[in-house]
Amino acid sequence: MSVPQNPSAAAAERSPRDTAPAAHAPDAHQAVADDAAATAAQADSLDAGGKRNWWLLALGPVAGLVLALVLPASLSFEGRAVAGCALWMAIWWMTEAAPIPVTSLLPLVLFPLFGMAPMKEVAAPYADSVVFLVMGGVILGLATEKSNLHLRVALLTIRTIGTKPAQIVLGLMVASAFISAWVSNTATAVIMVPIAVSILTLVRRVDPAAAGPKFAASMLLGVAYGVTIGSTATLIGQPPMALMKAYLGESQGFDMEFGQWMLVGVPWAVVMLFVAWLVLTKLVFRPEAKVIPGGAEMIRDELAQMGRMTTPERRVGLIFLVAIFFWVFVPFIADIPAVAEAMPWLGSISDTQVAMAAAIACFLVPAQKRSVDANGTPLLRWSASKEIPWGLLLLFGGGLSLSAMFSATGLSQWIGEQVGGLSGVPSWVIILVVIIVGLGLTELTSNTATAAAFFPIFGAVAVGLGISPMLMTIAVTLAVCSAYMLPVATPSNAVAFGSGEVSIKQMVRAGVWLNVISLGLVMLVMYTLVPLVFGVSL
C-alpha cells in the first residue's frame, strides 16, 4: 500500500485563505472530487491513528526482544539490539499498529538507550538532504495544484492523444503518469478520476452502449495505474524513490543524481505504461465501442471553461521548468570541460538545493501582477505548509537512522557473513525472490514502510552474496512501487475504486496481469538499463 506524499491533496479540503488567485477546476468535477478525497483520506495510513490493536502493539517489542535474545553472542550487544529494534519497527510499520510516523520516532528513544549511538548521531538522518529534497518537491507540487496547472496539462494531453475509447484511456494514463511524476499521487488521482467520470457521464448521455462496464473499468484503472507507474519516473514521484536515493547515499556512499535516475525511471515508466494500456484496452477490458460521440467536444468545453492560462499557472510553470532544467540537464552540462573550467561551481549544485530554491520561490513570487493584486499575494502562503506531509518526513528520518545503525553496529556485516553459504545460488534467483517478496507485500502494506525496513536487510544480504547493493535496492524499490491488484494497495487505487465505476474483481483481473508482467520487466531493467546507467551488473 503506497503512502501518499500529500494526505490532504483535495482542493475541497483547503481553506480559500491558503490559495493564491487562480483559475478553479470546473464545478462539474467537484462532487466526485470530494468523494475521491474522502476515499483517499481513508487510505492514508500516515494520518490514520493506527489500527490500535493492543496485541499488535505488544507483538512488536516482544518479537524484537525475543530476536535480540536468540541471536548468537558472536554478534555484538549493540548489533543484537539494532536487530530487535528493526523487527519491532518493521512489525509496527507493516501492521500499522501505531501510526507510521510514530513508529519512525522509535530510534530517537531506543538507539541512545541501548548505547548504539549518541542522540546527535541518531537524530542526524532526520535532517538528511533527501528529506529536504522531498519537502521541496511537495511544496512545488502544492503550488502546481493550487494554480490548477496540472488540470490544464491533463486536459491538453487527452485532447492531443485523441478521443476514441482506447485513445481516451491512453490520454488519461499519460496525463496521470506525467503529473504524478512531480505531484502527489493522491492529488493526481483526485483531479484525474473526476475527469474520467465526467467523460463517462457524457458518453452515457449520448451513447449508453458505448459506456459499458469495460470502458468504465479501463478508464478508472487507467488513471490509477498511470499514477502508480508515472511516479517511478523521478526521485520525487513517490516516497520509496527518494528513500532509495537516501539509503544509497547514507549506506553506500553513492549520490544518485536526479537526471541519472530518470535515465532508468522514464524508460521503465514509458514501457510499463504502454503495457498497462495494452492489458486494459486489448486484453482484459476491450471497450464496447470504437468511437465516442462528443468526446472531443467535451474536452474542448472543459478547456474553454478554464479560459486562458492564468498568471499563477504561467509563473508556477516557469518555476517548474527551471527546476526540471537544473535537475535533469545541469549535471550533464557541468561535466563539459569548457563549462567546468568557466563555472566550476555549477557542478556543486545539488538536487536538494534546486528543490528548496523552487520551494522558496513559490512562497515569494507574487501570484498576480501588481496591477491586479497590490498586496503581492504569493503563489503559496505559509499557511499552506500544513499540507506538507510532515509524518512522511519523519518516516524518512526513522528509516535512514535505522539503516545507519545497521552499519555502525556491525549488523550489516554479520548478516552478510551469515548468507555467505548462499553464494553458489545464481544472482538472478536471489533478485527474483526479492522482487516477488516486494510485489507481494506492497499489495497489503505501506510501500514506503516496506522499503524502509527492507533496504538495510537486503543491502546486507547483497554484500554477503557479492551482489551490488545498488542492484538489490533498485529491485526492491521498483517491486514495492508496483501495486495494482487491490484498492488498499495505493491511494490511487482507492480513489478509482471509490468512484463506484470499478469493482475489486475487475481490479484483481487486471492487476494480476500487471504484477506478473512487472516481475519480468523489473528483471529486464536489472540486466539492461541499470548496468548501462550506473555501471554495475549482476
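Using N, Cα and C of the backbone, Cβ positions are placed for all residues, glycine too.
Residues annotated as compositional bias 'Low complexity' in TrEMBL: 18-28.
Taken from TrEMBL, the feature region 'Disordered' applies to 1-28.
TrEMBL lists 54-75 (among others) with the feature transmembrane segment. Cβ atoms under 8 Å from those of the transmembrane segment (54-75) belong to residues 81, 83-89, 91-92, 95, 97-98, 410-411, 414 of the same chain, restricted to positions at least 6 beyond its ends.
The transmembrane segment annotation in TrEMBL covers 87-111 (among others).
The transmembrane segment annotation in TrEMBL covers 123-144 (among others).
Here the transmembrane segment (165-183) has long-range neighbours at 137, 140-141, 144-145, 150, 153-155, 157-159, 189, 191-192, 195-196, 199, 210, 215, 218-219, 222-223, 225-231, 233-234, 236-238, 269, 273, 276-277, 280-282, 287-292, 295, 320, 492, meaning same-chain residues at least 6 beyond its ends whose C-beta is under 8 angstroms from one of its own. Annotation source TrEMBL lists transmembrane segment at 165-183 (among others).
Residues annotated as transmembrane segment in TrEMBL: 189-206 (among others).
The transmembrane segment annotation in TrEMBL covers 218-238 (among others).
Residues or ranges marked as transmembrane segment in TrEMBL: 258-280 (among others).
Marked as transmembrane segment by TrEMBL: 316-334 (among others).
Here TrEMBL flags 388-408 (among others) as transmembrane segment. Within its own chain, the transmembrane segment (388-408) is flanked in space by residues 3-7, 46-47, 82, 85-86, 89, 99-101, 103-108, 111, 116-117, 121-128, 130-131, 134-135, 138-139, 142, 239, 242-243, 246-247, 250-251, 448-449, 451-453, 455-457, 459-460, which lie at least six positions past its ends and keep a Cβ under 8 Å from the stretch.
Look at TrEMBL and you will find 420-441 (among others) tagged as transmembrane segment.
Annotation source TrEMBL lists transmembrane segment at 453-486 (among others).
As annotated by TrEMBL, transmembrane segment applies to 512-534 (among others).
With a threshold of 8 Å between CB atoms, the same-chain residues lying at least 6 positions outside the transmembrane segment (123-144) that come near it are 5-6, 108, 150, 182-184, 187, 235-236, 239, 242-243, 245-246, 249-250, 316, 319-320, 323, 350-352, 354-359, 362-363, 379-380, 384-385, 387-389, 392-394, 396-398, 400-401, 403-404. Counting C-beta pairs under 8 angstroms (sequence separation of 6 or more), the transmembrane segment (218-238) fails to reach the transmembrane segment (420-441), with fewer than 3 such pairs.
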